[in-house]
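Let me give you the structure first, and then I'll get to my questions.
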């Protein structure tokens, strides 16, 4: 196996894999905390990095039928949640391309503030 290249999304509040601490996303990408996964509470994010994706699966969920892929950590292969590929109901289309991370499988921590130098420095 070759080298694994990981991305870093930056931000002041970071979400990382609970198993290996690989950075996945930040607080500014959070859309909703009102989701439920197999392990309990789950969060919907706009952009998540450092993921591996399973094959597409047809699942019937509480909100209807969806085409989804399970997502796991690119670094350690731990399951983290899923990504919505397609929603059959118009009211659920906002989820398409968005990622669910299960709260029990990720860790939230302090990130860092990026200071961009000004012309006066």
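Our numbering is plain: 1 for the first residue shown, then up by one each step along the chain.
Cβ from N, Cα, C; glycine included.
Pulled the feature table from Swiss-Prot, pasting it below:
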{"type": "BINDING", "residues": "17, 20, 73, 76", "note": "Zn(2+) binding site"}
{"type": "DOMAIN", "residues": "13-110", "note": "domain 'Yippee'"}
{"type": "MOD_RES", "residues": "118", "note": "phosphoserine"}
When a 10 Å sphere is centred on the Cβ of residue 76 (Zn(2+) binding site), how many other Cβ atoms does it contain?
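A 10 Å sphere around the Cβ of residue 76 (Zn(2+) binding site) contains 13 other Cβ atoms.
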Since the record lists 17, 20, 73 as binding-site residues, which of them has the fewest other Cβ atoms within 10 Å of its Cβ?
20
